[in-house]
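Scroll down for the structure; my scribbles are underneath it.
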Amino acid sequence: MGPLTLTINSKNSSMSSPDVSNAKSQRLQLIPKKSFASISSGEENPVDFLRTLFEGFIAGGTAGVVVETALYPIDTIKTRLQAARGGGKIVLHGLYSGLAGNLVGVLPASALFVGVYEPAKKKLLKMLPENLSAVAHLTAGAVGGVAASLIRVPTEVVKQRLQTGQFSSAPDAVRLIVSKEGFKGLYAGYGSFLLRDLPFDAIQFCIYEQLRIGYKLAARRDLHDPENAAIGAFAGAITGAITTPLDVIKTRLMIQGSANQYKGIFDCVQTILKEEGPPALLKGIGPRVLWIGIGGSIFFGVLERTKKILAERQLLQPSNDQSSDTPKQD
């Protein structure tokens with residue numbers, strides 16, 4: 001049998017069969033690790049797609065719960081600022097009101113978002129030329145946002161009603177909303193939610209992904225956790241500031257309940273501008289930028305760390321292709 005050739009870092013080197021065991025350990029150390037949802041030039045394996053989907057659920061759910069728990073008080077203050085009309089005072093007690101019920105929705109919503117975003121991003125990056133990677137990230141973010149909105153909107157409606165003191169518990173909120181407003185009451189402000197969240201998700205993930213690509217090219221290495229967190233904070237803060245007017249509109253429509261003070265998105269904008277002036281559309285921008293900036297840091301930091309752990313676990317699992325490294329006996 002002829003000498004066995006192993007590929008290490010895209011360079012060919014011949015090694016005799018007695019060195020096979022050493023070669024295998026070298027190969028595991030020197031071959032670049034595939035990142036989570038990495039792009040492969042070969043045909044997509046359905047098992048790989050399902051793994052990407054599953055790992056996205058785990059990573060997204062973990063990151064979402066950590067962020068929501070840590071920053072819920074800031075979100076409560078932001079909601080109360082936006083809900084206040086004129087010179088209304090902001091109540092600073094009960095800042096964790098509704099957290100438990102909210103986590104019930106945040107976990108599956110975050111898991112669903114990342115679970116859809118990662119495979120969509122992977123597919124789009126394969127389809128589009130490299131110079132259009134930003135389009136892939138924008139589109140994948142919007143697709144993930146649409147999927148997650150089915151869970152996010154009822155969660156947001158209940159959370160904001162609890163934050164503004166309309167109900168005492170999440171079960172009571174759901175029961176009374178459905179009894180007074182019907183099932184559609186849980187999706188109050190759905191249009192304004194999409195108007196805010198689709199641009200938000202698309203812009204935030206696009207900024208984050210593009211900054212990571214540029215940073216990795218400049219550093220010529222994978223990013224460390226603090227670097228991912230810093231990029232996530234910047235992307236979150238910028239996107240949060242840009243989308244604040246959309247967030248104000250969404251909040252007003254979601255908390256109006258059966259009073260139906262506003263007839264829709266445009267009526268809401270006109271009423272706010274007429275009664276409170278343009279500055280009202282920027283209500284809560286400070287807490288929002290702070291909340292989403294810190295949240296982006298935590299979310300993307302936890303997300304990338306979780307993805308890395310899952311990828312490393314996958315590398316440690318025995319692979320069928322490892323058997324091809326062992327020379328067959330004649």
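Cβ atoms are placed via backbone N, Cα and C, with glycine included.
Whatever TrEMBL says is automated annotation, not expert-curated.
For reference, TrEMBL has these:
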REGION    1-25  region 'Disordered'
REPEAT    51-123  repeat 'Solcar'
TRANSMEM  90-114  transmembrane segment
REPEAT    132-214  repeat 'Solcar'
TRANSMEM  134-153  transmembrane segment
REPEAT    227-309  repeat 'Solcar'
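With a cut-off of 8 Å between Cβ atoms, the residues of this chain six or more beyond the transmembrane segment (134-153) that come close are 105, 108-110, 112-114, 116-118, 120-121, 124-125, 127-128, 186-187, 189-190, 193-194, 197-198, 200-206, 209-210.
Across the repeat 'Solcar' (132-214), DSSP helix (H, G, I), strand (E, B) and coil residues number 74 helix, 0 strand, 9 coil. Summed and averaged per residue, pLDDT over the repeat 'Solcar' (132-214) gives 89.
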